[in-house]
Amino acid sequence: MTTTTLAVLVPLLPFLGAAAGLLLGRTAPGFVRPVAVLPTLASLVLAVLVAARQGGGAAVDAATELTPTGSVPVELALHIDGFAALVAVLVGTVATCVQIYSTGYLREDPRYPSYAALVSLFTSAMLLVVYSGDLMVLLVGWEVMGICSYFLVGHYWETPEARAASLKAFLVTKLGDVPFLIGLFALAADAGSFRITRVLAAVAHGGLAHPTLIALLLLAGVAGKSAQFPLHTWLPDAMAGPTPVSALIHAATMVAAGVYFTARLLPLFEASRAAMVVLAVMAAVTMAGSALAALAQDDIKRVLAYSTIGQLGYMSGALAVGDRSAAVFHLLTHGAFKALLFLAAGAVIHAAGTNSLAAMSRMSGLRDRVPDAYWTMTVALLALAAIPPFSGFFSKETVLGAAEHVTAGHTGHAPGAAGWIVLVAGLLTALLTAAYATRLWLLAFRGRGVEAPDHGRQPLSMTVVLWVLAVPSLALGGFAFRLLPDWFDGTSLAPALTTSVLGTGLALAGGIVTYGAWRHTTALAARPPLGAVAAHPQADAAQVEAEAIASHRPAYGTLAAAPDPADPGRLLLGPLHRHAALGFHLDAVYTALFVRPVRAGASLVRFLDREVVDTYVRGAGAVPRLLGAAVRRAQTGNVQTYVSALLAGTVVLAVAAVLVATGA
Amino acid sequence: MTPALTTAAATAAATPTAADGHGFLSPSGVEIAFLLVGLVTLGAALVTVTTRQLVHAALWLVVALGGLAVEYLLLTAEFIAWVQVLIYVGSVVVLLLFGLMLTKAPIGRSPDADSGNRWAALTVAVAAAAALVWVVVDAFRTTWIDLDGAAAGSTRVTGASLFRNWVLPFEALSVLLLAALVGAIVLSRKAKATTTAPAAAAATPETPATSPSPAAPAADGTPGAKEGAR
Amino acid sequence: MHLAYPAVLSALLFCTGLYGVLARRNAILVLMSVELMLNAVNLNLVAFDVWLSKAARETLHSGQALTLFTITIAAAEIGIGLAIVLAVYRNRGTSDIDKLRDTAEGRAPDGPDGPDSTDRTALTAEETEKAEATA
């Protein structure tokens, strides 16, 4: 088989798996699990094969035009360069892990067949985005991911949080997708093609008339999909979905799509210095803000969600300084360790019966209940905090190094201001990231209090996956930074000394400060355990999680934070804690800016419809009704009245006829 | 209403011969007689439709119909006039009086003889009268009937025309009368069959006693009308 | 004689009968009014027949023949009409036309044997009243 055929099969197999899963879900439940796992696994194998064949050499390009589509042709095109090949491998790996993990996690869920099919569809859409060489085809995958995320985040649709979160995820990403679509049309109109290669060629020859406008429009879509400020608010709320879905969305698919898209079209963005600065500011605000917010969250998954936003900020920062190798490198390592973090967090939530860090900090021995999750999560948190030699260290240092490179003015394609913004924000975020990683680890695994409940061992499908993902979290960075330049643009990914020392130092400082704060506050943890514990801790993981999420708001009054004096984040953030817990009131701002006007407009339209338009309709109906009532009154039943009317009419007609006949 | 009057009127009308020279201001004797009888007839008819005493209405109808018979005579239609007297005055009015009595119409003034529809009826009637009179006068104010010569409607003439030109309709009419006869009987008998049960169940003890009785005279009266018509 | 005299008289008689048909309450009086209208038409027919038989040498005498037919039919009509009125009177206890309002809008259709129970009691009360009046 040619590389093209293999590459076509990669997105096609999960799609077929999804179709089969949806069809077989009710009739043949025994086939659901193989149909969910095997196509994804096969597609992973094929993606690895494609990557091996491509080997970092010249990009594989293939296109076929099914039907003429007007002035700008839409083609089924593949464009597989090193980035695409490796990201596809990452997507395949994470999706396979998630599918295997889900078989254990949603063991008893009655909606597992549709869930697995949607995950397969999601994977297929992401692979389509990764491999597609045509922007319209890419958009198809992009939007399919949007609708799949809506369904998957709303998997526990019995809870109001999940319903609200799925709607929010859909609407906020759509808010970005509309400008994105317009940007794509503008781009195609300028470049004369939807093919990425032709677009890039047009950019290279300066063939774009409005690069800034197009870049900014596209950035809106990227911000929505990749959860960048100010369209990131859907991501923390999307934690209302099942944990494997969170892992899939956050590590490899949905949020990665935006960064990946920007990386693909980076020359386009580089054509506009304004867009690069906007991207840099966006990345910086996202990084620092999300790290602060992560420090204040109580839900373990929300901490990870904000950390995802922050890490995506790093990737956007790398793109803002024009280094897409660094961005995709960080995308790869982050995909591995963030998937691991989420899957391990799922195991922890199952074991603890709660998703609240405040409740976990009052349980002792949780790490003995889930040793696999404990160790792998430790590895992943170290990678997140960018401690050498874990993989996160290398990729993050690449980003910081690229930013530092730009500040020094060595590159012409990125403005120096962008470099400074990214560098400062990145270093600050490194400190904060280490702080919240440490806090998470301490609160989850170093709790004191009652013994954690024992539910027996986690299913094998859940623990094996953790160790599989722990390997790249541990070692991918160290091994890959020498190999990846061959696949990517060729720029060196080796860590620079200055930024390494600076970043690692700040990370260690953040960790130590948090430890100190924790030692200071842990004396307050002697209070009885707080609420937010699942009602059926013996049930399967998915049900435990759903119940834990549902009980969080009744117990603490909010989804995000807990009134826990033992929280070191509260001490560290001080008065900022209250605002950080609520995501710096961005939801309130949105409520004021968008929700209220839209509601007011809706009520205005309702008023106009009911009172104005309906009045005409009712008026139009009232006249015949009045006429009908009048005619009904004439129906007296008195024959003489009828005859009178008849004869009166006859007389009138006769007189009229006579008048006409005589010409009077 | 005697033949003498008729001939007197005829001779009085015989003097003006030309059709054009007759003005309304110089009426002939026949015209005066016609006018006077016509006024009586119209007055009787008006009383018929307005009086509150139902039996009086029937009696005034006799006057109106009799007046019409005189008018026929004045128009030299003798046979029609006698048929009119025979059938209408002789049988139809008697039949109507029977009907009034069988339906227990109150004797004396009944305050509710007219329905609430009166004013509408009056409007329609006056409008129709105005329109008709206007049209008729407009159309025929110069037309003159020459009443001289042989009577236009003597029994001989009428009989000849009836049995020479109108035999078939005449026989068809006899079938129609037969049908009416049968119909009247059927109506009466059916009503009798259906009303006995509810009438027996009715609260008033008088109803069963009275209900069979109207049927028999009605059935009897109808053939009488037929005979009269023949 | 001017043709206008019988023509106007017949028109006025017709309209008098018309008024009677429309305004009278008792069905038998309505029948009388119908007779008046028929006679008005008869007068018209005779007058025109006389005029035409003299003026146009018309010998069919269709007007007079039609008058005879009309008289015959009127007799039949009065017979059948009276039979109907009597039947109605027997069923409803009244021959007042404006009380026969079964076809009025908003009125529940009556059962096979006449008006519903409340109507029936009202009518029987009226019936007794009338019986007393005649007696």
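The backbone N, Cα and C atoms fix where each Cβ goes, glycine too.
The domain 'NADH-Ubiquinone oxidoreductase (complex I) chain 5 N-terminal' annotation in TrEMBL covers A:68-115.
Among the features that TrEMBL reports, domain 'NADH:quinone oxidoreductase/Mrp antiporter transmembrane' is placed at A:132-403.
Remote same-chain partners of the transmembrane segment (A:36-56), defined as residues 6 or more beyond its termini with a Cβ less than 8 Å from a stretch Cβ, comprise 3, 6-7, 9-11, 13-14, 16-17, 20-21, 80-82, 85-86, 88-89, 91-93, 95-96, 99-100, 102-103, 116-117, 119-120, 123, 127, 486-488. TrEMBL lists A:36-56 (among others) with the feature transmembrane segment.
Listed as Cβ neighbours of the transmembrane segment (A:76-100) (distance under 8 Å, sequence separation of 6 or more from its ends, same chain) are residues 3-4, 7-8, 10, 14, 36-37, 40-41, 43-45, 47-48, 50-51, 54, 56, 59-66, 116, 119-120, 122-123, 126-127, 130-134, 137, 195-197, 244-245, 247-248, 251-253, 256, 260, 263-264, 324, 328, 331-332, 335-336, 339, 343, 461, 464-465, 468-469, 472, 484, 486-488. The transmembrane segment annotation in TrEMBL covers A:76-100 (among others).
If you look at the transmembrane segment (A:112-131), the same-chain residues 6 or more away from its ends with a CB under 8 A from one of its CBs are 7, 10-15, 17-22, 24-26, 29, 32-33, 35-36, 39-40, 43, 47, 78-80, 84, 87-88, 91-92, 95, 98-99, 102, 106, 137-138, 140-142, 144-145, 148-149, 151-152, 155, 242, 244-245, 248, 252-254, 256-257, 260-261. Per TrEMBL, transmembrane segment is recorded for A:112-131 (among others).
Annotation comment: TrEMBL describes A:169-188 (among others) as transmembrane segment.
According to TrEMBL, the feature transmembrane segment maps to A:200-224 (among others).
Taken from TrEMBL, the feature transmembrane segment covers A:245-263 (among others).
The transmembrane segment feature in TrEMBL is assigned to A:275-296 (among others).
Here TrEMBL flags A:327-352 (among others) as transmembrane segment. Tertiary proximity for the transmembrane segment (A:327-352) is limited to same-chain residues at least six positions away from its ends with a CB under 8 Å from its CB atoms, namely 83, 86-87, 90-91, 93-94, 97-98, 101, 105, 242-244, 246-248, 250-252, 256, 259-260, 262-263, 300-301, 304, 307-308, 311, 314-316, 318-319, 359-360, 363, 366, 369-370, 372-373, 376-377, 379-381, 383-384, 390-392, 394-396, 398-399, 444, 452-453, 455, 458, 462-463, 465-466, 469-470, 472-473, 476-477, 480-481, 484, 488, 493, 541, 544-545, 548.
Residues or ranges marked as transmembrane segment in TrEMBL: A:373-394 (among others).
The transmembrane segment annotation in TrEMBL covers A:417-443 (among others). Within its own chain, the transmembrane segment (A:417-443) has Cβ neighbours under 8 Å at 276-277, 279-281, 283-285, 287-288, 291-292, 294-295, 300, 303-304, 306-307, 310, 313-314, 317-318, 320-321, 357-358, 360-361, 377-378, 381-382, 384-387, 396, 399-400, 403-408, 499, 502-503, 506-511, 513-515, 518, 567-569, 572, counting only residues six or more beyond its boundaries.
Marked as transmembrane segment by TrEMBL: A:464-484 (among others).
Marked as transmembrane segment by TrEMBL: A:642-661 (among others).
Fewer than three CB pairs closer than 8 A are found between the transmembrane segment (A:275-296) and the transmembrane segment (A:169-188), and contact between the two stretches is not assigned (pairs 6 or more residues apart).
Below 8 angstroms of C-beta separation, residues 307, 311, 329, 333-334, 336-338, 340-341, 344-345, 347-348, 351, 366-367, 430, 433-434, 437-438, 440-441, 444-445, 458, 463, 466-467, 469-470, 472-478, 480-481, 493, 495, 500, 503-504, 507-508, 510-511 of the same chain, each at least six residues beyond the ends of the transmembrane segment (A:373-394), sit close to that stretch.
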